[in-house]
Amino acid sequence: MGTVPAGSRRAPGCGEGMFILCLALLLAPGAPAQYSVDDFGGLGRMFDGIGAISGGGATSRLLVNYPEPQRTEILDYLFKPNFGASLHIFKVEIGGDAQTTDGTEPSHMHYPDDQNYFRGYEWWLMKEAKKRNPAIKLIGLPWAFPGWIGYGKNWPYDFPDVTAYYVVSWIIGAKQYHNLDIDYIGIWNERAYDIKYIKVLRHTLDRLGLTNVGIIAADGDWGIAHDVLIDPYLNEAVQVIGAHYPGTHAAQDAIQTGKTLWASEDYSTYNDEVGGGCWARILNQNYVNGNMTSTISWNMVASYYEQLPFGLEGLMTAKEPWSGNYVVSTPIWITAHTTQFTQPGWYYLRTVGHLDKGGSYVALTDRLGNLTVIIETMSHNNSICIRPPLPEYNVSAQNATFYLQGSFQNLQELQVWYSNLDINNTKPVTFKKLTPVKVQNGSFTLQLGVNEVYTVTTLLTGQKGSFPDPPKSKPFPLKYKDDFSVRNPPFSEAPYFADQSGVFEYFTNTSDPGDHVFTFRQVLTQRPITWASDANQAISVIGNYQWSNITVTCDIYIETVETGGVFVAARVDQGGSPTDRAKGIFFWVFADGTYKVTGDLIGEIVLCKGLAGVRARSWHTLTLHVDGTNASGLLNGSPLWKEVVTGGPLHGWAAIGTSSFEFTQFDNFMIEAKDPE
């Protein structure tokens, strides 16, 4: 008996004499379309796994400050096999000291003679991922670079050996200090690639014995594929061609290379049922339409202040460490439909494709007799991703019969997992185990509604993991203080502060044996090679974006003589990539003895100014009080200015920062806010 091509409407066993009868039966109302699941004619491409990204930037910033057991629970939902998302791949930002969407992530080398492999939280996250799944693949990708790499230019490629040394040092540090083996490394996220640099990077990796580290290029569009086709040395250097938000289609040049193709960043959509529908559709159709064998979500967990760009666009949400509340969102369970029933190294079958009345199906095997089929019927309006635009199409309810052939023809029963994401449902169904389906005469039939996901599999290992409900959501505390007195901090950043320009770190002030031994310090002294339009000022935000009436107090220590400057702020209305456009109330003092009150971060909207008598290298206390339309400021407990009309945003975060990239210390930070409700 011949095989039935995917989407064929001819049933097995229809000989020439019975063709008219068979055709009539197939075209009868409600007759199921028929699809083959067959490995007899060979297999498709090898499956590389489903993954997610931390970074690009600071998307996991608040996660590290969660209390236990909630922090462990969140990590289990993300990484634990056969429990939640069960991710196969984990991609992190190689911090470059610059704003990369929702904040800055610190570099392991702020300066040429500086190496510190404990900054930030990506090392910790990679270890937590490996702890739960030792087989998870790890990827590092720079979004930005410390300024010294560019030798004064906003460009990382003029000295490719220097950039390669910097990136490879991160890989070596991961192994030396954390016993982490990095599997893949990228070039420069969504920015220009440089062919010479890619070759130098490959040579450097090989020379240092890192031949197993693959290069992914170029984390933008498919443009590098043309260069790979015409340059045999580049072709040899690149292991994976990765594109972002490909709309489920790969360029012909990319397919022609014969290389592994990935959607190396995708999704980036609000994590409700529509976001889940987006994720379900592209997880299947990135392979069906584009031969992409891995899809990686930006971002993994929305663990940053919601009012920053792309709020709630993670697979799940964990944005309230002060309350312990988190939300296991729909995309977690859509991920599980694939990840819990496949592994990297499985193979797609050639018999994959689109369903007759809309939707798609893929089938994968471990070549040891196991089979997993994932089916999605996402409608257009229930699966719109943030980008690119989605052309209109129709999906309707349908019956589908799947014929198991080749090595699967003797299967008798398959496990079934089901989700219904229809936005009109008051209670969507996610990842529900149904009664196993019996295979009769080598086939099984499903009644497929619209906006449904089915996983049909030989594997018995699926689980919808759960924990007791987390604590209820509550806003940031109205009173909060931090004296930064942590002798051995587990992380380099103080809780809840979200750096938006510059890098703020715990600091031990050995020159001050008194009250300011342990402080919080802005440590960048040079503008980084940026990914966004970074501010020239450093700023870290904290608190509740809805705060309006507030008092912010902080001890400050300017280290730069004559030109140094520092601020405390309230009602800061912008973070992320547009931080340089932030408005609010900013109270500045400078090492030249002056002060200034501005309505913006860049200092163009001057509300008042005068003499303060502040000098560098001594501690002072700044207090900013904002109430209604008026603001006032105190220096060392005495009024310096008062009743300045604000005229700017009505609410926003509290913040601290510096007038340039310069060393400055902060201590005894305190907030007292009135309930915005």
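Including glycine, each Cβ sits where the backbone N, Cα and C put it.
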**Asked** Which one of Asn630, Asn636 gets the tag N-linked glycosylation site in Swiss-Prot?
**Response** Asn630
**Per Swiss-Prot, the disulfide partner of Cys385, chosen from Cys278, Cys554** = Cys278
**Message:** Between the Cα atoms of Asn189 (substrate binding site) and Asn424 (N-linked glycosylation site), what distance do you get, rounded to the nearest Å?
**Reply:** 37
**Fill in**
Pairwise CA distances across Thr101, Trp143, Asn189, Arg387 (listed as binding substrate) top out, in Å, at 20
**Asked** When you tally the Cβ atoms that lie within 10 Å of each candidate's Cβ, which of the glycosylation sites (Asn549, Asn630) has the highest tally?
**Response** Asn549
**Message:** Which one is it, among the recorded positions Glu265, Asn381, Asn549, that lies nearest to Asn424 (N-linked glycosylation site) by Cα separation?
**Reply:** Asn381
**Item:** glycosylation sites compared (Asn394, Asn509) - highest count of Cβ atoms within 10 Å
**Value:** Asn509
**Request:** Compare the C-alpha of Arg387 (substrate binding site) with the C-alpha of each of the recorded positions Glu265, Asn291, Asn509, Asn549, and give the closest one.
**Result:** Glu265
**Asked** Do you know offhand how many angstrom separate Glu265 (active site, nucleophile) and Cys278 (disulfide bond) by C-alpha?
**Response** 14
**Request:** Tally every other Cβ atom lying within 10 Å of the Cβ atom of Trp143 (substrate binding site).
**Result:** 27
